[in-house]
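Structure, as structure tokens:
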Amino acid sequence: MALYDEDLLKNPFYLALQKWRPDLCSKVAQIHGIVLVPCKGSLSSSIQSTCQFESYILIPVEEHFQTLNGKDVFIQGNRIKLGAGFTCLLSVPILFEETFYNEKEESFSILCIAHPLEKRESSEEPLAPSDPFSLKTIEDVREFLGRHSERFDRNIASFHRTFRECERKSLRHHIDSANALYTKCLQQLLRDSHLKMLAKQEAQMNLMKQAVEIYVHHEIYDLIFKYVGTMEASEDAAFNKITRSLQDLQQKDIGVKPEFSFNIPRAKRELAQLNKCTSPQQKLVCLRKVVQLITQSPSQRVNLETMCADDLLSVLLYLLVKTEIPNWMANLSYIKNFRFSSSAKDELGYCLTSFEAAIEYIRQGSLSAKPPESEGFGDRLFLKQRMSLLSQMTSSPTDCLFKHIASGNQKEVERLLSQEDHDKDAVQKMCHPLCFCDDCEKLVSGRLNDPSVVTPFSRDDRGHTPLHVAALCGQASLIDLLVSKGAVVNATDYHGATPLHLACQKGYQSVTLLLLHYKASAEVQDNNGNTPLHLACTYGHEDCVKALVYYDVESCRLDIGNEKGDTPLHIAARWGYQAIIETLLQNGASPEIQNRLKETPLKCALNSKILSVMEAYHLSFERRQKSSEAPVQSLQRSVDSISQESSTSSFSSMSAGSRQEETKKDYREVEKLLRAVADGDLEMVRYLLEWTEEDLEDAEDTVSAVDPEFCHPLCQCPKCAPAQKRLAKVPASGLGVNVTSQDGSSPLYVAALHGRADLIPLLLKHGANAGARNADQAVPLHLACQQGHFQVVKCLLDSNAKPNKKDLSGNTPLIYACSGGHHEVVALLLQHGAAINTSNNKGNTALHEAVIEKHVFVVELLLLHGASVQVLNKRQRTAVDCAEQNSKIMELLQVVPSCVASLDDVAETDRKEYVTVKIRKKWNSKLYDLPDEPFTRQFYFAHSAGQFKGKTSREIMARDRSVPNLTEGSLHEPGRQSVTLRQNNLPAQSGSHAAEKGNSDWPERPRVTQTGPGHRRMLRRHTVEDAVVSQGPEAAGPLSTPQEVSASRS
């Protein structure tokens, strides 16, 4: 409702009410009623004591209100509806509401309304309803601005001094300069706390913009308008020549209707005031008043819609010819190019379009003194078409530029901005910069007054520069172009926001990093006291928070408060952004600072989880304060492990104090990089390591970074040069791809630990050492296997990482994978030749660890690949000794080794195919998403009472039919017959069968007859591979019933 504001204590109507009827003031306070007060601008004359003040005092009754003299009034939304008792049932807008108290602390409300309740019929009243949202005179502006105008005067004085030096610059330069002055003054005005609150309402913001524009232009009018007049002098002379030749033109010659002739003298007098107006806004108001006068009839006011476009344009044509204004072109140029407070789409813009169309019609020579019958209407049609075209052309050159920036059209943006370069080329061709000879005048005359030229300093009606728009729309590719063209990185809009503010508000990390690279200040506060970090925390953009903090913690000012005293940590805690809170606390944000409500970030946390995180850091913060020297000592101890690229000699030459500072700085930079890798923040990693787009595009062309082979260490031949360049490249920040932290962790190590499969190829491509060890002598492959990150393990192995390296505990990657139960990783390691029976410092093999951790599938996989069950650890225990009795693992340890041993005489290739056919393609399958079936092959044990003499078990190995059998043997054999082999004659049959197929590439599986359904229980599953039924070990002697090994092909 509060779209308009004024001091009601100075309102003439309210003052008259207090003066003439104090009894009504007392009564309305006693009954807590409502007083209706017309706004100041709607009161045409002094208020008389005979005014019916009772009609403006409202008393609530049931569902409506009554005045003190018994008239009905309804309040519906933001309008007053007059009811019974009033002669005219008007609807009056409510502008705002205030509550007043008298000396007895009795309250009553005042509703400021747009105009009085009585209908006005006198033609002497204002021509249109008073617009409370516009300022008309410089006196109104000075009253509105108050003391703020004194601050503007200093900026204006500076503008006067610099204008003389740039007088020969182009029109666009002066447009941008005047706009910059306007923006600076508006920013100063919006720093006022009261006006800042009002500015949140669009109408109030427009009022402030009008006030600043009128005041600024009034003070620089002589400079700017004189310059524009000089630029448009030749155009004005040509137009004046035409209008002078039409002085005999009569109204009837151009079809002016008689009903509109009456107001032409008044409109002519009003139009003559145009050159007395000192701002575009005032000139437009003058033109609007002319149009209103034209449309007013002698008896009553009529709306603009009652006059058609032809009627209006006929009158305007007559006024343009008959009014003595010699500089119409200068006025048009001034109004169009120096109006900053609003767009051309409002009522004032329509009035300007009408005059512009009429002027263009006259310039074309279409107007003559002939009667309309002989003139023809072809030219009139042109007039209407021109007016329609002008009304549609609402986009200024600046608007066009901003649209192309928003859409990322780099080619068009570059074309528009390169127009200014032509002006510079023209100046270079002049005799000298101040030359006025004919040749030099021809060079510059066509470009100096061209308003279509745009620059990186052009602004829209929000105060945004092109760089603001690029940041707001996330167009990182245009940041470089705009900065190279001279865009001001720290330019501020009307609300004090820089491009960095907008990028952080919208969450564009790449834009944020680019702006920081071009020295954008992270310390700038907008009108609300917010830094870019405040906005990134408010909107929860973790990536932007990290970009600001990691770039430079000191310049980011983590503990600065906004106008409410809130630090970024207050905001992140209030909205529950845990990751942002941790980032801020890790980099030194204080949890002790209080805002203006005496709240610490801890008190702002409304979430119990966030509160626990804050409290944990709060306790550590207190401990750090008590022992502040500990971190420095720790850093000093690890000076040599912070960066592989550091220079030992430079550190040794420093003093102890400077060494600690350098160590602290290097450590912080490394931690930034490692945290970005841990978070998978590719943009931040790229920025810190200074990778380019080409580096990412070539990511798939990763070469091995493990011991690259060169012709000689310094070889630069075509084969060695790419790898040499990659290994030698170190960013200017000193951060290399193999830099390490205190504990020896490198970026590749952290990426492997956190499973960042997208970063691993990039790190390896840029020279990361896959064989580098940390403080525990572990390589990245150890960590990836321990955490079960299959894709990371695959990438490292494909880059020739060694699968059998041991750490300080003697553990290999295979032992870690088996201990964690990561059967997919185990299969992959075995395929790459991992040693299966290697022991760690405790003597445990991979099989020991899998048995101890009870990972059934891993145990089966190891056994099928020949893991020994006889190896003793340092406690003299085998894997069988570590297994629980009567468990599935125990049955596996007893059954599978004998089954595998029975196949020892089979050809090696066939045996591998037989037991690992499913494992080979594990990493290429996407069918293992179900949590209850993590690996394709599962074992089921079914006990049969009639087939075994002793305690035996039967194992059925079922496989998923949806996974194709892609072994090399299966590709050559379109159909494989089911075979059956008895255990007692397996070697002999295998040998004879191999002899028969001596010329075959792949020996066939020993033939085994498949048992019928009545002889065994088979768990039904879709299968592609062979199902193996193995016999358990014989404890007391040979089994009475031979155990059959059967393979079924589905």
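The backbone N, Cα and C atoms fix where each Cβ goes, and this holds for glycine too.
Check Swiss-Prot against the ranges 692-746, 912-966 and you find region 'Sufficient for interaction with VPS29' recorded for 692-746. Broken down with DSSP, the repeat 'ANK 11' (842-871) shows 16 helix, 0 strand, 14 coil. In terms of DSSP secondary structure, the repeat 'ANK 5' (564-593) contains 17 helix, 0 strand, 13 coil. Sorting each residue of the repeat 'ANK 8' (743-772) by its DSSP state yields 14 helix, 0 strand, 16 coil.
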